[in-house]
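Trainee: Annotations per TrEMBL:
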type: DOMAIN; residues: B:8-415; note: domain 'TRAP C4-dicarboxylate transport system permease DctM subunit'
type: TRANSMEM; residues: B:12-34; note: transmembrane segment
type: TRANSMEM; residues: B:54-71; note: transmembrane segment
type: TRANSMEM; residues: B:78-100; note: transmembrane segment
type: TRANSMEM; residues: B:106-125; note: transmembrane segment
type: TRANSMEM; residues: B:137-164; note: transmembrane segment
type: TRANSMEM; residues: B:170-192; note: transmembrane segment
type: TRANSMEM; residues: B:212-234; note: transmembrane segment
type: TRANSMEM; residues: B:240-256; note: transmembrane segment
type: TRANSMEM; residues: B:268-293; note: transmembrane segment
type: TRANSMEM; residues: B:313-343; note: transmembrane segment
type: TRANSMEM; residues: B:355-378; note: transmembrane segment
type: TRANSMEM; residues: B:398-424; note: transmembrane segment
Amino acid sequence: MSRVFQAIEALLAVMLSAMVVMVFGNVVLRYAFNSGITVSEELARFFFVWITFIGAVVAMHDGSHLGMDGFVRTLSRRGKVICFTLSQSLILICCAMLFWGTWLQHEVNASTMAPVTEIPMIWVYGVSYVSALGIGAHALIKLWRVATGRIRDNELIDISENEEIHPIPVAGGADR
Amino acid sequence: MTIAIFTGSLLGAIMLGMPIAFALFVCAIALMLLQGNIDTTILSQKLVEGADSFPLLAIPFFMLAGELMNAGGISKRIVTFALTFVGHLRGGLGFVAIFASVMMAAISGSAAADAAAIGALLIPMMRQAGYDVPRSAGLIAAGGVIAPVIPPSIGLIVFGVIANVSIGKLFLAGIVPGLMMGLSLVLAWLWVARRDKVTILPRQNWGVRLRAGIDGIWALIMPVGIIGGLKFGIFTPTEAGVVACVYAFVVGAFIYRELPLRQLYPILVASAKSTSVIVFLIATALISAWLITLSELPEQVATMLSPFMDNKILLMFVIMAIVVIVGTALDFAPTLMILTPVLMPVIKQAGIDPVYFGVLFIMNNAIGLITPPVGIVLNVMCGVANISMNELMKGLWPFLWAELIVLFLLVLFPDLVMVPLAWLTRP
Amino acid sequence: QFQNRTIRVSNGVSKEHPMGNGLAAMGACTLEKTGGKMKIQPYWDGALGNDLTATQSVRTGSLEMVLTSTAPLTSIIPAFGVFDLPFLFNDEKEADQLLDGKVGAWFSDKLPAVGAVNLSWWENGFRHTTNSRRPITKAEDFSGVKMRVMQNNIFIDTFKELGSNAVPLAFSEIYSALETRTVDGQENPFNNIENMKFYEVQKYLTLTKHAYSPTLVLFSKKVWDGLSPEEQNVLKECAAVGQKEQRKVNREKAEVSLTNLKSQGMQINEIAPEEMARMRDKLRVINDRHAASIGRETLDLVFGELKRIRGN
Ligand code: NA
Ligand code: NA
């Protein structure tokens, strides 16, 4: 599993670097050569969308989505388990609806081409399949662990109150 | 009814410990149920559409630039530079902290990271020189929240995208209010630290100052470059972000040589992840924004605020008071995402300038980062200074009040924002 | 045969735009013809999304109606790209005749297959150029001017061909980009230039009339199929009523806007006919370059009809 997430992290890093290169390249081209590559604006935006929605799955895995744990922390283990089960079930429902909505919208996006690159828009808007499946699977696993009584106390709060500082992991290492 | 469903579902889901992004999702579904029309395609389409925006690209760029600068030794040089000038004055380290906060604010957009970086450098020095530690930590915490007000600012970017307001204008409008926050801290510090007995550092000669200036020049000219570049139209806010990345990388890696190339990969990964967390939240907020638009929620809020509708200053005062109260319990990003779509129709209806409102709203949200019980900058400073929350709060009060007074003044005198803005955008 | 219905309409423009007059006329008409049952509920300033995303919502039935440019449709049906070609129409009369005639119907007939019904052709109008560098008097004056253009290959190509640096930017960022001189110029109909206050940050307005932007009154096919034939008729008739009002006000307001822009201190100039002819010649390559993506059949149809209308 950690191999998979390492590969995803590498993908995120590559896409972010590509965004920097493309957008910075355009600034340079505009000033140095009074020209620009119109494709790079659109492509950088698409990479950004992918980073966001693939990264959202990683953030679920890391427990780094923003949330407020003040209330849940005051509860007993029993109370925490109830809240956790409820919240993971709701997340699962959200993911199912998201997946279904993307499916209903699939044809509309597949038949629409991006204005400049002319990539079918499903390659951009279909990224919600990835988020729905990844986050949904995460919720399912957690619910399974609750059902089988194997859930550990520290798993019951998997959000972060910190919106700004995310520790930089050691080079090359996975988070866990 | 709509207001009850909206707040009930949202707060209920947040209390359960759900990520706020999914709480917004649940809130959107609750609003759909209320409107009697479950439409899953809206969920998927609006979600991705929320992130599919070029101006938002500034977020990963400024995140990355911030990480690169912290790793590249830029904050250290800003502090050293200020020390050589005012270290020998009474309360001098406090002035160093304020100067460094304003400078860092003009380079990065993160309140917590700025406060942490400056605190880590200055609090040990302040402790050793005999400064009151909670008060010093309070000052640095209050200094940190200047970051989202002075450009570059992720808060202003997000507001601009959700409210459809020019980010370039918001950036230029934030400069003077941010400087006023810094000035208010100087005055508060002069007042509370006037009788302190502290060791003062030796006065430095101009040679030392010059050397610190030369060593720090690459850090010191960065704010000038970013703000000047925006003012003179050399680049858009998004491009400013990417230029800041490249600049911070070149300075950190090749000039200061404090950023080893192998650090680049983890920094990229961390920036991408932070981006994802923030933008995923924005995207879910835009789903509920669509449903808020279709529901009568803005009208209901407008009706509630209608007694104040005729008087812009009174209306702003009431809204700012509400945001201060909400800000005690909710932090920056959630307040911004939830309240922007609700408040914007009211602001437009009342004829308040959206740029003016945006700057005050962001300042208010930033101050929320240091109001108890929930305030992330407070948690960070407790950790950095190794003091309890109660101790920190005792030291923080004067500075918190100083910044609230600035906010109040800006509500009373909108020209304090608008006149400098007109000057800055003059061709 | 009429049920209580609220038709939600997405607009990218603000409610002061002539689209507002058109929708008001259309709404008054539907109320009258249905005994107060069918209401038109507009949403302005892209509150429900930009043209592209609102069009997608219309296609899936999440939204009843959108007033959109042809841009989102070009992404779905490339033939619509013909309306982006430079100097396609000479005047409004030609545009009206072509769009309200069999060619307009030919385009509308392509839409049900992708989930939309076009009720009528309204307009954004002829587009003109503003910039802060110099008055445009000939094609060469575009050289080196950084122009904001829509994100659209034909427009980008057109302005590159003229020698300017085409920079695609979001509509909401145009004002501040012009103000800080990140870009030097932009192109839009008069009404937009006035509504967006571009006159505050642009000195020169050149009446290039280089393109005509039609607007489609696009209805969701999914919702449409659930309406009674009477309801469908009312919508069609009232969209035509709206069309009359919208075009009328749009053209009147364009005149007023032009006067206002002048009094706001914009320096306005026309291009001499012979220079205009040179510019058209220079841009003829655009038609050829994009012929493959638009489709030969479409081009022949449109240019054939224009020839007929022009009577030669
Ligand atoms: Na900042
Ligand atoms: Na707070």
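Glycine is treated like the rest: Cβ placed from N, Cα and C.
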Trainee: So which residues does the transmembrane segment (B:355-378) touch in its own chain, when a touch means Cβ under 8 Å and the partner is 6 or more beyond its ends?
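Mentor: Sequence-remote neighbours of the transmembrane segment (B:355-378) are 111-112, 115, 141-142, 144-149, 153, 155-156, 159-160, 163, 165-166, 169-170, 173-174, 177, 181, 316, 320, 323-324, 326-332, 335-336, 339-340, 343, 347, 389, 392-393, 396, 400, 403-404, 406-407, 410-411, 414, 417-418, 421.
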Trainee: Any residues 6+ beyond the ends of the transmembrane segment (B:12-34) with a Cβ under 8 Å from its own?
Mentor: 1-2, 5-6, 42-43, 280-281, 283-285, 287-288, 290-292, 295, 333-334, 337-338
Trainee: Using a Cβ-Cβ cut-off of under 8 Å, list the residues of the same chain that are 6+ residues beyond the ends of the transmembrane segment (B:268-293) and lie near it.
Mentor: 6, 20-22, 24-25, 27-28, 31-32, 35, 42-43, 46-51, 56, 59-60, 63-64, 67, 154, 158, 161-162, 333-334, 337-338, 340-342
Trainee: Out of B:78-100, B:240-256, B:313-343, B:398-424, which stretch has the largest tally of CB pairs under 8 angstroms to the transmembrane segment (B:137-164)?
Mentor: B:313-343
Trainee: Cβ under 8 Å to the transmembrane segment (B:398-424), counting only same-chain residues 6 or more beyond its ends: which ones?
Mentor: 138-139, 141-142, 145, 169, 172-173, 175-177, 180-181, 184-185, 187-189, 191-192, 231, 312-313, 316-317, 320, 324, 353, 355-356, 359-360, 363-364, 367, 370-371
Trainee: Restricting to the domain 'TRAP C4-dicarboxylate transport system permease DctM subunit' (B:8-415), what is the model's mean pLDDT?
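Mentor: Across the residues of the domain 'TRAP C4-dicarboxylate transport system permease DctM subunit' (B:8-415) the model's pLDDT averages 88 on the 0 to 100 scale.
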